[in-house]
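These come from Swiss-Prot:
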type	residues	note
ACT_SITE	His115	active site, proton acceptor
BINDING	Ala19, Thr23, Phe30, Arg31, Gln97, Val99, Asp100, His115, Ser182, Ser183, Asn207, Ile226	NAD(+) binding site
BINDING	Phe30, Val99, Asp100	nicotinamide binding site
BINDING	Cys123, Cys126, Cys142, Cys144	Zn(2+) binding site
DOMAIN	1-242	domain 'Deacetylase sirtuin-type'
Amino acid sequence: MTITSWLAASRHTVVLTGAGMSTESGLPDFRSPRTGLWARFNPSELATIDALYHRRESFVEFYQYRIRTLQQCQPHDGHRLLADWERRGIVQTIVTQNVDGFHQEAGSRRVIELHGSLRTVHCQRCGESKPSFVYLHGVLTCECGGVLRPSVVLFGEPLPEKAITEAWEAAQQADLFLVLGSSLQVSPANQLPLVAKRNGAKLVIINWEPTELDDLADAVIHQRKIGEVLNELNEQLAEVDP
């Protein structure tokens, strides 16, 4: 059996996407020293509640940079193919560690965002939400007087309970679980493939570098761009089910 045949036969495919999915769109990642965001900022210090209140200027500069960078990038072929696979009933759920909103922009509808979204900001006091571009125009406080912050999970904050529950349920239902561009170092996302495997799912990992779960996977692909691999799989799917 091949990845293509598993995709064709699957009744419930769940996809987990990580930073590698976003970097192919040109977005810098958090975890690459001297590249990505570490070249200009220290995310472990600035992406925190403490920085929001006590290093406000640096916090705002950091997230203005991230929002501006996001506006300059767009979904790639991999995002668009996953959306197409959802429309065709090949993919049922996408769980993402990314905050860029590219899956939704590409057309995916069933997306679970574990770490929130950089597409909106919200008030720490009243919870009112606004499009994140207002941050670029210096709108940093809410009408109620509360502090506005990006709607992402900051270091030290709990992940949204609803997203975790939905992701866990999706993993339990999966008969095929694809990992795309995740190093599987961050919990609880790195537990989802294990949940799927325990429930009998096939596990496929496509990531540039090896992961700690590679030995448990039914298929592993390294050193390949995700968009290219998905394009190849899509072409093979057309041959399996023309």
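Positions of Cβ are set from backbone N, Cα and C atoms, glycine also.
Here the Cβ of Ala19 (NAD(+) binding site) has 23 other Cβ atoms within 10 Å, regardless of which shown protein chain they belong to. Take the Cα of Asn207 (NAD(+) binding site) and measure to each of the recorded positions His115, Cys123, Cys126: the nearest one is His115. Shown in sequence order, Gln124, Arg125, Gly127, Glu128, Glu143, Gly145, Gly146, Leu148 are the same-chain residues outside Cys123, Cys126, Cys142, Cys144 whose Cβ sits within 8 Å of the Cβ centre of the Zn(2+) site. Cα of Gln97 (NAD(+) binding site) to Cα of Cys144 (Zn(2+) binding site): a span of 31 Å. The domain 'Deacetylase sirtuin-type' (1-242) scores a mean pLDDT of 94 in the predicted structure. With respect to their backbone Cα atoms, Cys123 (Zn(2+) binding site) and Asp100 (NAD(+) binding site) stand 19 Å from each other.
Listed in sequence order, Cys142, Cys144, Gly146 are the same-chain residues six or more apart from Cys126 (Zn(2+) binding site) with CB atoms under 8 A from its CB.
You'll find the Cα of Ser182 (NAD(+) binding site) roughly 14 Å from the Cα of His115 (active site, proton acceptor). With respect to their backbone Cα atoms, Ala19 (NAD(+) binding site) and His115 (active site, proton acceptor) stand 12 Å from each other.
Each residue contributes its Cα atom, and for His115 (active site, proton acceptor) and Asp100 (NAD(+) binding site) these two points are 10 Å apart. Cys144 (Zn(2+) binding site): 10 other CB atoms within 10 A of its CB, across all protein chains.
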